Structure formats: C-alpha cells, structure tokens
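*Asks:* Just dropping this structure here.
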Amino acid sequence: MDYLALAQQGKNQWWRYILGFFLILLAWQGIGLMPLFAIGYWAEVDGDAATRFNWDTFLVEGISPALTFVDMMAMFIFLVIGVWLVVRFLHKRPFLSLITPLQRISWMRVLQGAVVFAAIYLSVTVLGEWLLPTPAGEMEYVFDAQAFLLFLPLALVLIPIQTSAEELLFRGYVLQGLGLVLHRWAAVLVSALLFALPHLLNPEVYGANLWIAVLPYLTTGLLLALVTVRDGTLELAMGVHAINNIFAFLFVTTPPYDMFPALFVYHGELFTWETVASEALIAVLFYWVIFRFFARPDVLKVAA
C-alpha cells in the first residue's frame with residue numbers, strides 16, 4: 001500500500017489537521033518545555049552562581065550533564081504523546097499507520113537503515129578528512145572514559161526517542177497529511193522544508209550564514225522523506241535519523257553541546273560548502289545503496 005495513502009484511513013477534514021498540528025505543538029513546545037523551565041528556574045534561584053539557565057541555548061549550565069540531557073530530551077516524549085492523541089482520537093485512525101501499513105514494525109529494517117547509513121557516513125567522513133584535513137586547533141580530543149560510559153546508556157535510549165518523535169511528526173503526520181492535497185513529490189519537498197526551517201533556531205546555527213546552514217537540514221529532510229515514500233514505511237528514516245544524531249552527540253559534537261561527553265569537539269565553522277557537499281554525497285550514496293543492495297522483498301515500496 002502507498003505510504004501516503006495511509007492517511008485516507010481516518011478523518012481528514014482540513015480543520016482536523018490545523019487543530020491537530022496546534023495540539024501537537026502545544027504538547028511538544030508547551031507542556032514538553034515545562035520540565036526544562038522548572039530545572040532552569042531552580043538553577044536560577046538556588047543561590048549557586050555556577051548554575052544558570054542559558055536563554056541562548058535553552059540549556060541549564062552548572063548541573064549534571066546527564067540531568068541536563070534528560071531534561072532536554074523529555075520534551076520529545078510529550079511530542080510522541082501529542083502525535084498519538086491527535087492521530088488516535090482526532091483523526092480516528094491507527095497510530096501504527098504513521099509508520100507502516102503492516103501489523104507490526106520491522107525493527108530489522110530500522111536497524112538496516114542505521115547500519116548502512118553509519119557505514120556510509122563514516123566512510124565519507126574518513127575520506128574527507130584524508131583529502132581535506134581539519135585545520136590544527138579546530139578538532140579537540142576530549143574523551144573521558146568514565147563520563148562517556150556513564151552518558152552512553154542515556155544517549156542510546158533517549159536519542160532514538162527524540163529522532164523517532166521527529167519522524168512521527170514530519171515524515172509521518174505532516175508528510176501523509178500533505179500527500180492528501182499535493183502531488184507526492186511536492187509533499188516530499190514541502191515536508192523537507194518544514195523539517196529544515198525549525199532547525200535554524202538551533203544554538204549551533206547562531207551567527208552562521210542561514211542560506212548555507214539550511215541546506216544540510218534540507219538535504220536530510222529530503223533524504224528521509226524520499227526513502228519513506230519509496231520504501232513504503234517510516235522504518236528506514238527512523239534508523240537513519242537515530243544514528244545520525246547519535247554520531248552528532250557522541251563522536252564529534254559542537255558547542256554548546258560540548259557539555260555532554262563525546263570523543264571530539266569541533267570548534268571550526270560548522271556550516272560550509274564542504275559540509276553541504278558532504279551531506280549531499282552521503283544522502284545520494286545511502287539512497288543508492290539501500291535500494292540497490294537492500295531493497296525490500298515485499299510490495300510496499302513505490303517506484304521512484
């Protein structure tokens with residue numbers, strides 16, 4: 001069954017999508033931010049000058065990085081709850097229809113997407129470092145084994161929740177909704193734009209050229225939407241998005257997220273044309289490899 005056609009199972013009047021999107025945002029950015037603001041308020045009034053809420057990064061500084069991380073990721077649990085409530089009770093269709101037309105999720109397909117993407121990501125990164133070495137001083141080795149190993153379980157549990165929540169919203173609810181009124185490829189493009197634009201509010205984008213900064217996020221959004229439509233499920237996108245963010249947090253992180261344990265911290269310019277080219281190459285290679293060598297053996301996929 002066509003992935004975008006799954007939205008036809010439920011009630012799809014235009015007002016339901018407007019109300020549904022508003023309710024999801026309320027759950028995510030309203031209720032979901034309350035734990036963060038609560039910890040931030042505590043940090044401001046506890047009498048300790050070392051603890052503070054940074055309004056530029058929306059991170060609580062001076063407390064345990066693990067607590068800050070859990071607090072930051074909590075909002076995505078509310079995002080999942082918001083999407084579930086809207087799909088189940090406002091649109092009156094199965095929540096699983098955001099992910100697959102089948103009766104269960106193929107976790108093997110999720111893992112397959114993650115492993116293939118990881119292999120390509122690492123290969124392109126190593127090749128790029130060999131051809132264009134990072135200038136001295138821009139990459140700092142900061143590995144602390146004890147801190148890293150304590151942080152690792154949290155990251156491996158909470159990051160997939162965060163990325164799956166975003167997939168349920170942007171490649172599930174939004175993409176399927178757009179597919180009701182737009183041609184499938186127009187829906188792919190619009191959903192990718194809607195995914196990219198909020199990321200321009202991320203702390204790491206501050207001071208960057210927005211026209212360049214938007215391109216890696218747009219490339220990622222296009223890749224995730226394209227593989228979802230072609231594969232017929234959200235599973236590949238869930239795996240790709242999860243491993244991408246795990247790498248970003250655990251392997252090479254950037255300020256202000258360098259408060260969390262990682263292998264390296266990159267201090268150079270994050271958004272360059274080299275970054276754009278690298279992201280595009282990774283996306284093209286993944287799309288080709290996954291459908292050339294790991295195509296679904298069933299009839300869910302859509303020709304593209």
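Glycine too: its Cβ is placed from the backbone N, Cα and C atoms.
Please treat TrEMBL annotations as automatic predictions, because they have not gone through curation.
Straight out of TrEMBL:
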DOMAIN    149-247  domain 'CAAX prenyl protease 2/Lysostaphin resistance protein A-like'
TRANSMEM  21-43  transmembrane segment
TRANSMEM  63-90  transmembrane segment
TRANSMEM  110-131  transmembrane segment
TRANSMEM  143-161  transmembrane segment
TRANSMEM  173-196  transmembrane segment
TRANSMEM  208-229  transmembrane segment
TRANSMEM  236-257  transmembrane segment
TRANSMEM  277-295  transmembrane segment
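Structural setting of the listed features?
*Replies:* A Cβ distance under 8 Å defines the sequence-distant neighbours of the transmembrane segment (173-196), meaning residues of its chain 6+ beyond its ends; these are 3-8, 12, 17, 20-21, 24, 83, 86-87, 98, 166, 214, 217-218, 220-222, 224-226, 228-229.
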*Asks:* Find the member of 21-43, 143-161, 208-229, 236-257, 277-295 that has more C-beta pairs under 8 Å to the transmembrane segment (63-90) than any other listed stretch.
*Replies:* 21-43
*Asks:* Establish whether the number of Cβ pairs under 8 Å between the transmembrane segment (143-161) and the transmembrane segment (277-295) reaches at least three, counting only pairs separated by 6 or more residues.
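*Replies:* Result for the transmembrane segment (143-161) with the transmembrane segment (277-295) is no.
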*Asks:* Return the stretch with the most CB pairs under 8 A relative to the transmembrane segment (236-257), choosing among 21-43, 110-131, 208-229, 277-295.
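*Replies:* So the stretch in question is 110-131.
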*Asks:* Is the number of Cβ-Cβ pairs under 8 Å between the transmembrane segment (277-295) and the transmembrane segment (110-131) three or more, considering only pairs separated by 6 or more positions?
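*Replies:* Since 3 or more Cβ pairs under 8 Å link them, the transmembrane segment (277-295) and the transmembrane segment (110-131) do come into contact.
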*Asks:* Same chain only, please: residues at least 6 beyond the ends of the transmembrane segment (208-229) with a C-beta under 8 Å from a C-beta of the stretch. Say none if there are none.
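*Replies:* Tertiary neighbours of the transmembrane segment (208-229) are 3-4, 113, 167, 170-171, 175, 184, 187-189, 191-197, 199-200, 236-237, 240-241, 244, 269-273, 275-276, 279-280, 283, 286-287, 290, 302, 304.
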